[in-house]
Every structure is written in structure tokens, then in C-alpha cells.
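Heads up, the thing below is written out as C-alpha cells.
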Amino acid sequence: MTIAIGQEKTRGGFDLVDDWLKRDRFVFVGWSGLLLFPCAYLAVGGWLTGTTFVTSWYTHGLASSYLEGCNFLTAAVSTPANSMGHSLLFLWGPEAQGDFTRWCQIGGLWAFIALHGSFGLIGFCLRQFEIARLVGLRPYNAIAFSGPIAVFVSVFLMYPLGQASWFFAPSLGVAAIFRFLLFLQGFHNWTLNPFHMMGVAGILGGALLCAIHGATVQNTLFEDGDAADTFRAFTPTQSEETYSMVTANRFWSQIFGVAFSNKRWLHFFMLFVPVTGLWTSAFGIVGLALNLRAYDFVSQELRAAEDPEFETFYTKNILLNEGIRSWMAAQDQPHENFIFPEEVLPRGNAL
């Protein structure tokens, strides 16, 4: 008889931390959680602080701000002034010099939220990838979430980096985002940009595919033993199908003449369309950051300048963009000291 005496492998600090992070608990932490949870907490907390405590001039907290009329649709964390350039505006930096009130006033909170928000989104993407690896799934959820990350980073970081300062990024708020969209249209003719068109096609196409798919599955559910189509008729561990792909295929073949006959191809297409739309939009925003022009029909502009009777969709678009610029520029770029005569500014409900 042979007796082998083995010595237990010593476990280092990394192994102990790895075990603790990946322990089975109600909310999985993981290595990605070290990036996700602090950054998400600070970004959300920073936004709530900026839209309540700071906008009330440091007199109200979260609850009392909303009780006394704070509107989350119009409140926003404003971008730094143009004079700040692309400084990261650290609280301890030369601009704020450790003064929290001064830091908030110069826009440090915006940079804080934008950077922590970006890293928080990346952490959430890594979280999906990490959990997928641990449970043996493919990483397509993480790949899909790269689309929203690309849009956020391109709009809030890449665009202002290509411009003069953080000032040209959108402020962090609902109404502020819509104002930024007007800015993109007036100064970049964004709606006539092919990357924007591909983005719209991807997002609306994804919504259409989602609606069609959900309705089709609901239409072709198998009945349970009581001849009823209830949600109780499904269990996650059942081996049989819960709806009829054959019936769905026949239905759409009659509607369109063609239909998906392969579930794998169908669901990949539902992944591909919106994610591609998000990525193309992000590419387009990077182009705007570099002031690349798209669909400027110079020949039409020249003819319109010579012939007052010449009018096309594009020449009307030029007038719209000029109106947006004259309306926004004076208040949106006060550092430029624009002065427009009263007769050229839009009045009333002109826009």
C-alpha cells in the first residue's frame, strides 16, 4: 500500500480576494463590481446633489428640493465655462483649490459625473462579461451594451474633446439634452448626417423588431392543459417549446412573402440592428467633434443666393439652421459676446 502525503497548496492574498468577490450572494460583486459600484454610486449621487443641493444655492437637500418645486425634467448639472478648457477640474486642483462651493460653481461636478458615469457604464459591461464567463454563457450581452457606452462616451467626452472645451458637451439633465440636440442641428446639420440616419434606422428598427417579435410569440403560444394562454403555463426548466415557430413562420410568410425560419438568425438580427445603430451614431458624433461636414449641397446654396425664387428642402433646412444658431448662440456662447439685431432674432413661436 502506498500512502501519498500532500501538502495543501498555499493560497495567496489574490486567491482569497477572488473567492470573496465571486462568492454566491444576493448581489454579485465580482472584480467588475470594484469599478461599477463606486462609480455608479458617485455618478448618481453627484447628479442628485447637483440638481437639488447646488441648484437651491446650497440651502436644500434632496427631499426638500423636490417638495419645494425642483423639477427633474428641467434641472441640470451645467457644463464648465469655456475658459476652463479641458481641465479635469479636480476638487484639489488649481481651479477649485479644495473649496467645494467654488468647485461646484466652476462646473467640477459635471466633470465628476461624466467621468464616473463613463467608468460606471464600462463596469456594468464588464460585469455582464464576467458573469457570462462564470456561468458559461457567450458574451453577447456585454457586446450589446457596448452600444450605449459608445454613445455616452462619444457625446459626453469625445465631442467636447474635439471642440474648444467641456463647455460644448451637453449639461446633465433631460431638458439640457434636448437643448444639445438643437445645438447639434443648428451648428452641425445633424439630422442630414448619414450616420444619424443609420442610427435612427437602427434604434427604430430595433424597436419595431422587438414589438413584432413579442407580439408574434404571444400570438403563437401553446395552450396549457386547461386550454388557456396564461403565463403560468411556462416553467424555465421545461424541455418543450412554449410557442410555435412553424405557425409564426407561416403567418409572416403570408404577410410579407418572406419570414425568419431560424430562431438563431432571428435573434442575432434583433441584436445586430439596434447595436449597429448605436455604434454608427457614435461614429457620427466623433465626426462632429472634428467638425466634419455632411450633406452640404453647396451648389444649391450658391443658386439660392443668386435666385430668390429657388427653394428646395435643403434651402429651407439652411434657414432653419440659421434660425437655431441665431437663437442659441447669444445665450449659449456668452463668452463670444455675440450681438444680433432684434429684427433677425426669432420672435414668439417662430421656433
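Using N, Cα and C of the backbone, Cβ positions are placed for all residues, glycine too.
Swiss-Prot lists HIS116 with the feature chlorophyll a ChlzD2 binding site, giving sequence analysis as the kind of evidence. Summarising the annotation, Swiss-Prot assigns pheophytin a binding site to GLN128, ASN141. Annotation source Swiss-Prot lists chlorophyll a PD2 binding site at HIS196, citing sequence analysis. Feature annotation from Swiss-Prot assigns Fe cation binding site to HIS213, HIS267. For HIS213, PHE260, the entry in Swiss-Prot reads plastoquinone binding site. Taken from Swiss-Prot, the feature transmembrane segment applies to 39-59, 123-139, 151-164, 206-226, 277-293.
Panel annotation: around the transmembrane segment (151-164), residues 79, 82, 85-86, 114, 117-118, 121, 170, 180, 278, 281-283, 285-286, 288-291 of the same chain, lying at least six beyond its termini, place a Cβ under 8 Å from a Cβ of the stretch. Residue environment of HIS213 (Fe cation binding site) contains 16 other Cβ atoms, counted within 10 Å of its Cβ in all protein chains. A distance of 10 Å separates the Cα atom of HIS267 (Fe cation binding site) from that of PHE260 (plastoquinone binding site). DSSP assigns PHE260 (plastoquinone binding site) to coil, not to a helix or a strand. Of all the binding-site residues listed (HIS116, HIS196, HIS267), HIS267 has the fewest other CB atoms within 10 A of its CB. Calculated from their C-alpha atoms, the gap between PHE260 (plastoquinone binding site) and HIS196 (chlorophyll a PD2 binding site) amounts to 28 Å. In this structure the alpha carbons, written CA, of GLN128 (pheophytin a binding site) and the residue listed as 'chlorophyll a ChlzD2 binding site' are 18 Å apart. GLN128 (pheophytin a binding site) has a Cβ environment of 18 other Cβ atoms inside 10 Å.
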